[in-house]
């Protein structure tokens, strides 16, 4: 068998094997995912029809108008009909793709129906983990999410460090979580089961392991789970701060109480840096630091007091939730500013030293070029 045939056979086998995989996007378990599945299939079929028509016309023109002996070359003339077709048809294609896409996208942003009481969950990304706070149930989980079937879930997406993207392929598309703000995303599971969720936006060496499990259960089972979760260890500020340290272990944890008792990440984006200092954690480049040295200075217990905050909105309004207003910790802010000023001065010294060194080298070179002054 020739090398070309072998490669062709291998390529064909790979294409056939790809059909054996379970593509989560096409295995929809919620209304949003079902709408997106329809859009994807609609767009693929629509574009395949266009490709088929174009290739067919291409083949016809090649054979019908190919060069023949003694044939005369045609002359180009103005043709209003053809010009109208090649301007109007692309516009109609864009409209046919845009209308269902825009309509579906706007439907995603609609709030839950009034007769359906939504479950509110704060999904917070930090340290290659996902924290899920249930403010009404007063529980919190890490890297695992439990939701009731057929009940809308209003996710309040936040990030405490890098920009990430919250994505549960079988329930709906991704949406970004960013520092200093809260993004809303409503999803519903219409089937029971366990689904996979992940961060779909690259954010560092732990990106591939920033995943979580989603358990869709009946309302009765959800109520039982909430009751059991309330009996777990209470989430203290010390415990939460330590959980903020970057880790790719992907452990699943459950606590009673939530971090929202002492911080709203959207209103206090610098909180995580103070948490690092409490446990003497210093961010290092993993490409130039041995794994055992990344956390060798981290303390088991905090070496600084917890950051004091004052919550003025503890009830978390359920629709259009306003962020909590946090009072600044003057002592911490002053320390942080002093450190920033110190680092800025150090950088200026280094920059000045580098400029002086370059000037000295240039002066020496000019001196040598002129024969050392002789």
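Placed from the backbone N, Cα and C atoms, the Cβ positions cover glycine too.
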With Swiss-Prot as the source, which of 43-63, 106-126 is set down as transmembrane segment?
43-63
For the feature transmembrane segment as recorded in Swiss-Prot, pick the matching range from 82-102, 145-165.
82-102
Between 259-316, 317-374, I'd like to know which one Swiss-Prot lists as region 'Disordered'.
317-374
State the non-local partners of the transmembrane segment (82-102) in its own chain: residues 6+ outside its ends, Cβ under 8 Å from one of its Cβ atoms.
39, 42-43, 46, 50
